[in-house]
């Protein structure tokens, strides 16, 4: 009996495993049915099914899943599943959104039935996931079903895989799922309800299916079709012809493939060079491209029609898009070749083999879609009531809102809509009236199209079906029930239509009326008369002859801008001159394009009335609300400047920035609405295009622009100061603006007259055809059609805001090709360009049907494109029915199905065959299951990227079909079993943990590592993108180059590194330990261990962009000198987070505290490398336990111990190397890794990073300069502080000189770290370097670490448990390091820290990450800021904190609460209030930390607790490292050990520290796991810690002061509070962010993090876990932070942060915090980081490892699980990890985190570019429609339509209306171009930084004069870019402020007019 019972139980477990591991739809259903049969369960009983299943399946793997589902189901909104118990729901379509909706309805207790037309999931296409979707799916147990789910930095998943996950969850919850059932319609309730009470039913096929008998109260359409459910009207969004191509290639999961960098998205507007190179090399012309590595290699791109025609993909050019893309008109072989060529080029030919995966027809999986038109449903739901039965009908997914695929919004908005629909059903079931239900649903739906990852709520753990938890400012009662009555269908369709018409009219009539009042010619004439009244010789009586003399125009301009025209000097007789003067000034100063020339005006008898109306209307709209100058004669100078600014056009502003723009003032309100992230702004612009029926849409822009402009102008009064400042800056910028743009743009003004050889303004300059007023554009005195305005070289359509004009030949070019003008046209000249699309080709257009009535080609699109026509319903298209029926992909799939069946008679290939062919390697290796298993396993997996490839993998699909029989023969269960066999054990461990959040995060991290291991490829991916992508230049280009150079340098330097032997040992160790041979091999093999890592690091750096570079620089800096230190610290105040850079700091410290911060930045570079590390951090996390991911940012020190797990260490080590090789050189500096572990090595590390750093630095430099960089150089304790303090004030002055000095110093330091003779800029640095480079670093670090220790001793008590151990161990090291340090002196002490920075790096890296991330965020865009609420402040605060530590510390603390610990340290300044503020900040940061890190935070915090204190203290000391020689004793115990370690490592060698480090790591891991065991515990601890920190800060103040007195003399008072604060902070952070504060390394992290930014610190420290998971990006940020330079960069790149604010509203705070924090944060942060990490990298690593283990155990794993893992790890990984290895691990983690952060940043920037691109296309299409209507009206008015000339008032009224709309579109376009310009500058800045980094990697004495001059040139150019961005941001900010007050009224007005939706 017992045996049979056990057998049955085991059988159930096997069946459950088979179900979980099933990889096909049918296999899943079959496995589930078998499980239910075995357990004797019947899914029909939906209410109790799940509970019965749970009770009968007592399996530890299942329990982890039950725990997750129980947690989700226990949410109060579901009311224990009793809300909808009597509600029956039918969901059409088992796609991701349909299944997600079903799950929520099931949790509400409803009876849910899902019907799916097919029985196979065959879509390999990849979906981008927003952070909240990842969190949501994790909560549903996604990782239990798919172990690789979003591991590491992965943020995407294939549709097939996502469907499988959701299908399994749905089945477990008792949802009925029927496949092969097609919905055909609704069956109304019969009229005879007396005999049979039958409700609503579904008509399905097959008709006899049981579902046809079901009755439903709710039906939800989620099948992606547009017409499945009737009654939903659709809004059409039409852009330019958009042809999308998707391609899936087989992914064999080889090492080579793993190394290929993903392309998260590249848009033409974002990276033109890449696409131009692609076109020149292959003839392929794309708008954008995305590459995701998933089950397949997935590519999706938007191709230009002409390119497809040229390449023979499309055979004939048709106007109708359906004909154009029909199978008969497409050459499939050419299409395959086209897709393969594009994929090959975009990945830099690095994918070894591009074999197509097969679709479900056995054909290559390549498809082409028409995305020209996209639709959104006007409503989300409606109610039908027939014969007494009500039916709630709703839409979700693509059926509701079609996404623009490059935006990656589809699945996220689909999930949001699914939750909103569930909430609606809940309200419905609770008895709410139908109209109220609909009103609430529509109120919520209006927000959906505006959602972005930045403007949804950030507290993902609070998400529920309640909209309030997801939308920050939702008003669920926005619409009244009476406003949705038309959605209540009672069967009387007549009434419904009448109601709808009334509603539409009520919405649009007011707007039209207003437009009419504005448009009346009498009103315009009256306004002109008032403006010209009193001017001599001016008498305006009409809109024609009165203006001929030109005086009236000049009078209007003079009235508002008397500074532009000397009216009294004008001669009334000189008509031509007067008019030309007015035209030129209006274009140049006001952005109003001329409609004719002065000569033309003088030559005509009577000016053309239509042209004059068009022209004067622009003046009216610009000045109507402005105050005439005469009335302002009594204004003071400032107010007058404000007035001038108010009439300045953004376009003219842009042109002065080197952008040739000639347009009207920008539609500020739309600009922000569209791009800001803020829903409101978006709404407005959106409303134009989508809210109401197309008929009224035209008027909308007018309303929007009118309202906006008026309010904007009215609000000018007090908000113009910013604009005034921007105007003031213009003069400077005009001098600095890129010569090309300036020259190019203004050249035209010289020659404004209309060319004599042409007819005039009514003749096109290009095609010589008639140009009507409405379609007329002018530039450089030429008039032309919009469609004729193309680049002479490449035929790309130009915009007035971005072109280059060659005066010598009168030709126009796109900016990238302006330099080709002398070399003649390229192979593809304009003729080829015509291909762009029939619509775009000027001359060739005529042949296409696009030519319009006027006989000229249609301006906008080729006939094909136009065919869709403006009609809302698409009636003009033959394919209307199809278009209304399905989405682009569905139409293509259906066409494909029909054509394939007809032509080839192919049948569908079974899902199993398809999966076997496409995913053979994955299936064979059981990767999915294994990955999911456990963190250790994940790590292993991660480290073994190469997976065995299946024999079938490369087999052609036909061959696969042949094997079909065999495949079928093998049951899916067997396949799954074999697949998951490997995953079994480890997976079990993982799942046992159940609460695998941390575990998952670990896995994620590990997998991310894997990913990132591929990211070694990652760097390459970037390279691929970046190199080819100079277009990608924004982020990639520079970085790639840098990476390569760095790698080469590394290869050369590796031997030179101070500890070449050590580095190599570390590499070897890493290899040995690493269970990821692939990664290691790749790294080692490719670059001699260093090379590959270098690539990885580079990648990370690239991703992190600025941060890693800074970190690297910092590393180099230590060797550099005080001078360098000054610069570095200024720029690298943020670097402090780069505690990794401590080694650098050490030397720097010696030179100058400021410097040291920069050095940390150097370490930061590793932190950035953390991009790589971030990939590795997961491994560390696994090793560490849950912590590694989160830890990676702060607990990195622990992480190394955690990393002791075989994989983590290996990862870490490579990562460490990678960090060292942020610049390629780093790789060769395995010693660099050692530096992470040992102090000497940091030098090399620094060296490598330095190159990277310099570019980064250069960018941050300005900010740093602002911060007391100079003081940092003082490097001496007192001086540093004071200097820092003063530095802030001297921000501007310091900027350039500091930058230059910083670069020199960096360069020297880099050389040192590389092992070359560094240029000693300061005795300190020389001293540090005197000892072996490592030793020098240790020496400098040593004193610092001592100081830190002094500070730390108090923290140690707090840490007690861990701290005690940590402290004890550190103590021995401390003694050692103290001696070293003492001899070395404070500087050397710092250096010691530097060398220990390896460890410190770990800790630092985590902390660094925070700053890095912050910095990264800042630099990339505010968008990054959102991920970490603290970041916005941190960016500013980070710098402030660092600088502040010396001088602003106190202040900054208050300003930047998030990084209180850091702040606390910075407050070392004597000011006590600042200290208090710091304390407060700390508390706040602590509180924020838990929030930011969520569970992960808690975990990290616990782990870090001990260390946090220390690290905080250390950090505090760090700022004034020079002052801290004495503190070294206190620090010695905890941090001292780090220093001792560092020194001993340097002196004794890694071995001594190695054992200790291991032990410490193990202890720390355990402690952390324990502390993080439960989220609640963590949160509580975090809160307690924050309180304790405050108290401690107060208490510690006294303690700390004494220790830091010597060095910190200046900052001693703040230091006191700071010290205590750091401890408390450390304590809190330990709980919240153990990595940073808890260990020496952690401490360093904390300090750097703290310094980099409170928010960041918070995130990183408190998000050990979060770092791993949701915060991983933040963690990355930290690694980035580590390159605090990134933070500095933020400060330096204020424009970036400002830009961010433009989008996310962080600008104000950021500015404030930036100003303050930048200065102090870099130096203090850097100093602290350097000292602490250096203190005892190894021991800390060990402690950290222990803590990580304990933390991860607590949070995710059961203690047993953790122990099991630990033992496994022990067996797997030789416990002989040396400090180097541990450091390498940490470094890798840091790199991964940085890489991850950078990737997110790039993705956000990409999305911004794509938003702009898409909106520009919308504007272009709308302008084309307006032009067509305008031409028709103009012809009628002129009598050209064969009707004779008419002066019909109605026609004139229509003309006025069209003119207004066009003006609105012009303004809107100019706004978009400003945003595009900002992106361009951001990109340029990024590239320059990278180039500078690379150059700084070479020692100055090895450079030629030319090279040195080039460095200076690059620096100057970068400063110019920063200034331009500042000015742009100031302009945007001013506009934002002006709109702030109007927003509420404007939003209300717009919404009331129907402008509520803006979808893209």
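Here the Cβ of each residue, glycine as well, is placed from N, Cα and C on the backbone.
Checking the candidates 291, 298, 535, 560 against Swiss-Prot: the one annotated together with 97, 116, 117, 118, 123, 124, 125, 183, 398 at the FAD site is 298.
Among the residue ranges 611-657, 658-704, 705-751, the one that Swiss-Prot annotates as region 'Disordered' is 658-704. Neighbour count (other Cβ atoms within 10 Å of the Cβ, all protein chains): 29 for residue 1870 (phosphoserine). Secondary structure of the domain 'LIM zinc-binding' (762-824) per DSSP (helix as H, G, I; strand as E, B; remaining residues coil): 12 helix, 20 strand, 31 coil. Summarising model confidence by region, the region 'Monooxygenase domain' (2-494) averages a pLDDT of 89. Mapped onto three states, the DSSP output places residue 1870 (phosphoserine) in helix.
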